[in-house]
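This report refers to the structure that appears directly beneath it.
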Amino acid sequence: MLPSQPLLHAGVFALTVLQALASNTFTAAVYEHAVILPDPTDKPVSPDDALALMNKNMDVLEGAIKEAAQQGAHIIVTPEDGIYGWKFTRESIYPYLEDIPAPVVNWIPCTDPSRFGPAPVQERLSCMARNNSIYVVANIGDKKPCNSSDPSCPSDGRYQYNTDVVFDPEGKLVARYHKYNLFMIETQFNYPKEPEVVTFETPFGKFGIFTCFDILFHEPAVVLVSKMQVDTVLFPTAWMNVLPFLTAVEFHSAWAMGMRVNLLAANTHKTSLAMTGSGIYAPDGARTYSYNMKTEDGHLLVAELDAHPRLTPASPPAVSWSSYALNVERFSQNDHEFTGIIFHDQFTFTELTKPEGNLTVCQKHLCCHLSYKMAGKRDDEVYVLGAFDGLHVVEGQYYLQICTLLKCKSTDLDTCGQPVETAQTEFEMFSLSGTFGTNYVFPEVLYSGVQLAPGEFEVLNDGRLINKTKPTKPVVTVTLFGRWYEND
């Protein structure tokens, strides 16, 4: 006699848990999804039409979840806006929203779908997790009624939140997170009254979750890691790449290294909006990643991670980010110091005019030191050392301290800081450091073709970012990206 379906599922789930408990590692997956978008409209569509559109996207996500499970993944992260897109007003997004309860209700939507009213999206996500014995992370919209007794209640009588949900391998809702740092175009959503710090325990470590723009701010991002001591961060995102520093794979990999945690970053895929770049990142570099501006395909990534990265021998040591730079004499200046703009911020630059040398460039309290040697100085490419110490105030307000070795777009110095994806100059060595006023510094090297360099560089205890081996590809940027949260 064949076992009943519930018993079979329970057996599979128990086996999955035992396998995870028996190992200090786990297998993670992220899926970069080319979202099927609704037709733009200011008027709400019917609930049936909204669900039909969401089911089209969930059909794709379900295929990715099944494939990830078949490859042994214990958890999969899907992107922000991955189920309905982003072309909405406050009114037009309403048919896509569901009432998402707090996880303390102990709810498996797959087996009890109507407990909190209609919830077809949560039911289907729960069943995807349950049927494949995998944690499923998705981004959907939450609606919460309010009334005039609440002075913050919107005029339409409801709060609307950009929301991440997590279902465990039994299909139970185990986490709900309302995005706190909304991007400037997210007028369809409300800000939560207080930042949420959402964590949950798994057989393979303590997990935290936040969304996209949140990663640039102290709450919840730094609080999750520094105070709550999570091992792994789940990160649904709809990230529009901004070269040369805020490219998704570059910054997300750097953040994982700087914060010394795992980061599972799933991006939406829309090349016309420069949306691409997903990865599975560890404190010692990217385990796997994808950056694709050539096609409109989705992409599944699967990799193994340490369950408790801080406890492994490979965990990077704590860094005193300004130790070297504060104690070294300022390198000799040259006569090529000038200013330029990178993503609306005015940097101070100095040109690398020789094939090797030592340079310093300063802005306000930040001095950036560079030692370098090129394999050969080319006449058709220009590199600069840049420093920025100030408040960025465009799509948000946050204080930055940045040191960067940067390829200019052309030999015209006015192009320094403009987006660049390719380079031909090869370096023999580099060493970059800065007099940072913050301990939150994120290091990364970006090669030609928007490729990362895991294992080819390291950060020394004294704050120097150096190459471990001769760089295997031409360099686009070498960057120390500092966030001075107290100055926001």
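Placement of Cβ uses the backbone N, Cα and C atoms for every residue, glycine included.
What TrEMBL says about a protein is an automatic prediction, not a curated fact.
The model shown is predicted, which means the values in this text are computed figures rather than measured ones.
The active site, proton acceptor annotation in TrEMBL covers Glu80. The feature active site, proton donor is assigned by TrEMBL to Lys179. What TrEMBL lists as active site, nucleophile is Cys212. What TrEMBL lists as domain 'CN hydrolase' is 31-307. Among the features that TrEMBL reports, signal peptide is placed at 1-22.
Sequence features annotated in TrEMBL and their locations in the structure.
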residue: Glu80; record: active site, proton acceptor; Cβ neighbours (10 Å): 25
residue: Lys179; record: active site, proton donor; Cβ neighbours (10 Å): 26
residue: Cys212; record: active site, nucleophile; Cβ neighbours (10 Å): 27
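Cα spacing between Lys179 (active site, proton donor) and the residue listed as 'active site, nucleophile': 8 Å, rounded to the nearest whole number. Geometry remark: Cys212 (active site, nucleophile) versus Glu80 (active site, proton acceptor), CA distance 7 Å.
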